Structures are given as structure tokens and as C-alpha cells.
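Have a look at the structure below before the remarks.
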Amino acid sequence: MGLSSQNGQLRGPVKPSGGPGGGGTQTQQQMNQLKNTNTINNGTQQQAQSMTTTIKPGDDWKKTLKLPPKDLRIKTSDVTSTKGNEFEDYCLKRELLMGIFEMGWEKPSPIQEESIPIALTGRDILARAKNGTGKSGAYLIPLLERLDLKKDNIQAMVIVPTRELALQVSQICIQVSKHMGGAKVMATTGGTNLRDDIMRLDDTVHVVIATPGRILDLIKKGVAKVDHVQMIVLDEADKLLSQDFVQIMEDIILTLPKNRQILLYSATFPLSVQKFMNSHLQKPYEINLMEELTLKGVTQYYAYVTERQKVHCLNTLFPRLQTNQSIIFCNSSQRVELLAKKISQLGYSCFYIHAKMRQEHRNRVFHDFRNGLCRNLVCTDLFTRGIDIQAVNVVINFDFPKLAETYLHRIGRSGRFGHLGLAINLITYDDRFNLKSIEEQLGTEIKPIPSNIDKSLYVAEYHSEPVEDEKP
């Protein structure tokens, strides 16, 4: 069939998903816009360039903004159930506000309303909120507001569990701060040349966004000087404080000034997080926006299959679904590559990504999928933490997870920021007890898949109801 495999990208004769119309892919104009945005390579230091437009007191500065197209898709109460605050209410720098609005962030989400004013006071925060409800903005906005750009030292650190999430947060940070002339952001993660990072730290860096092992290595070598760090953020704190990372995080905290501010953000808070909080946070402000664990906009189904029927089931689903982009999860790296190959042989364009791939290949797949160059991505749980790709409206668990926490993070890749999404689970005989257990633990209902799935459940254009208005 003439398949080619290159760096996690499998290409065969491409069939459009979703039947007639191709399933609502991004327009060429949108793709070109995405391609033109800055790409943050691992360890790359970027300076937010100030714009040539001079903002004078009294100017109607909002008229100078280059706003993205307004997102008219329906949003659920996960992000619209707010107090009615505006970003201007927080007395933020005008240059920061410009970056916020040019990101398309019109009003603060519930987690942003709760977090931003408290974080600006310097108080520690323990925040629990659903995936895809604006946590990155909740900590990046106060972080950038509190920077003193006259100083040339590291003032804030954001620690994340995966390399891909570090690159994503770096991109957001740079875009939001682009009007703050001189704000310098550096991403540093494992899997890249340590010497390059050492050289970049010779220059001014204000914000470091890193994975735990790499930043601790740089601190121990005396290259990353953290004695002036005033804020550290642990994004996906439950993972960072799991057995894999907790000792590294303890070592990092010990290198920081005693009066630093600590912000913890996660969807789940196990005992390890509580223990860390008791040891290191000082009278933290606690935020809990998790009345229910799963996103309101994600509809969940299961299909009973045998192991041999799984690929056939996918082949049946693809033409019936109105897929914009989909993420398909497997439980091992080997199964990821095998499934990606089979999907390509069926005639569907497919990328794959897992932790055993070389970092530059992972970066390329992540970048290209995010930019809409492929509709389907097969991956391991590497892609469950914080990764935000707004175009994803379908998640398929080809292999059903054993843990409720893993399931929660997987299906949270769709339905981002209050939008609609669909999660389909292929359940074998051996999975049936896990299915029941996860339903009970999350307090959610996973329904049998119907013969025809109502497109209004996961495709915004088919939704008959008007977009929910924010509360006045």
C-alpha cells in the first residue's frame, strides 16, 4: 500500500473521517495561522517581543489588539459558571492584558477567578479543578504580573511532568507576555543537550518552565540560580508528587528561598499531595471546583468487543464519526506502533507518539498534530497530562485503563475549555470489572454505544441550543 513511517508519522492513502464533508477539519487559513506561530523547541529561550504600537495613557488600546476569530462553539458550565469578573478587575499591567485578549481569553474561567486575585497577593494555593478549564492561565497571569523585568534573575518556575506539557506551557507564556517587552521565558526538559541549556542560562531568564529532573540537574550544577525565585508552580501536582518524582521535588523545594510562593494545581489530590502541602505550604488558600470529576461536555460510551474485533470496530467507527481530531490510547508503546500501522493500512492518516521515541521525533509529532496536519493520533498515557489541543473532539480508549485517575485524564483530552467531546471505550471481557469500578469511583455513567451517535453531543455545529451566556 506504499506506507511510510517517519518519526511517528504514518501516511497511507488518506480516507476522510466522518463521511461526506470530511468531518469538519481546520481550514487552510487556520492551519497557516498555526504554522506561523512560534515553535518552542526543548530548551529554547525566547524573549517576548514588544510590539511597535505605542500605547499612550488614555488611548483606546483595545482597538489596537489583533484578536483571534471569536469562538462561537457551545461551552458548558465548567467554564461559564463564573462570578462575572473581567480580567481588567485584577489591576493587571496593560501589556499583560493585551496578551491575554490576543490569546482569545475574553473573561476569566471559574478557576482563574478563584486563583488570580489570591496568587497576586503572594499566598500559597492548593487548587483542584477539572482538566481543560483554564488552569494554565490561572497561574501564568499572576506569575507574569509579578515579574520585575528590571532584574535579570530567575523569578518564577513552573514544573510539569512531561516534556510536551513543558513546551505547551512555554508557548502560552510567551504568547501572553509578548507585549511585556523583555520578559524572557526558557523551557528546559530531559532528552535534549544539557550544554545548550547551560549556555542559555548565561543570559537573562525570568521564567523557567521545566521537567523535574532537568531543572534539579541545572540547579545542582550551579547554572540555574534560584535564590531569587519568588514563585514555583506545580502543574499536574498529583503526578509530580507521585513516587516517580516526589524526592526530586523535595530536593528542588529545598534549594528555594524560604519566603517563596508555592502554587499546586491538579484535577486529583491523593495523599502524597496532602503530605507535601503540610510540609511546605504556609496557610494555603484551598480551591476546590470538583463537585464532579468528569467534564460536563464529554459524552462517554462503551462497546463490548473481543481483542480480535478491536481494529474492525475502529474501522466501523471512523466513517460514522464526525471527527475533527481524535486521540486513541493504548496501554503500551509496542501496541501504539502496531495500531498506528494498522490504521494507516486501513487508509486513514495517522501519527503516533510514546515515551520511547527520540525527543526530536516526539516534538515533531506533537507540533504537527497540534497544527492540524493529521486527524488521528495513537499514543500512550504520555499524552494524558495537561496537553491542550482544542481541535480534539473524540477520544478512543482502544485499551481500557485500569485506574480511574488514568481514565479521567485520558477523556479530558476532549471537551477542552467547556467544549463538547466524545469518549468511546472498547471493552473486552477482562475489562468489565474495571469499567464498573471506574464508573463508581468517578461517579459517572458510561453508556452502551448506540447504533447512531447524535452529532450534537460532540460537534458544535450540530448543537441546536444557543451558546451558554456568562453570568452578568
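The backbone N, Cα and C atoms fix where each Cβ goes, and this holds for glycine too.
Of the given residue ranges 85-113, 172-200, 404-432, Swiss-Prot assigns the label motif 'Q motif' to 85-113. In the three-state DSSP scheme, K135 (ATP binding site) is classed as helix. Note on the motif 'Q motif' (85-113): DSSP counts are 17 helix, 0 strand, 12 coil.
On the 0 to 100 pLDDT scale, the motif 'Q motif' (85-113) averages 92 in this prediction. Summary for the binding-site residues G132, G134: the Cβ-based neighbour count within 10 Å is maximal at G132. A simple Cβ count within 10 Å picks out one of the binding-site residues K130, K135 as the most packed, and that one is K135. Under the DSSP three-state reduction, A129 (ATP binding site) is assigned to coil, being neither helix nor strand. Over all protein chains present, the Cβ of A129 (ATP binding site) has 23 other Cβ atoms lying within 10 Å. Taking all protein chains in view, 22 other C-beta atoms sit within 10 angstroms of the C-beta of S136 (ATP binding site).
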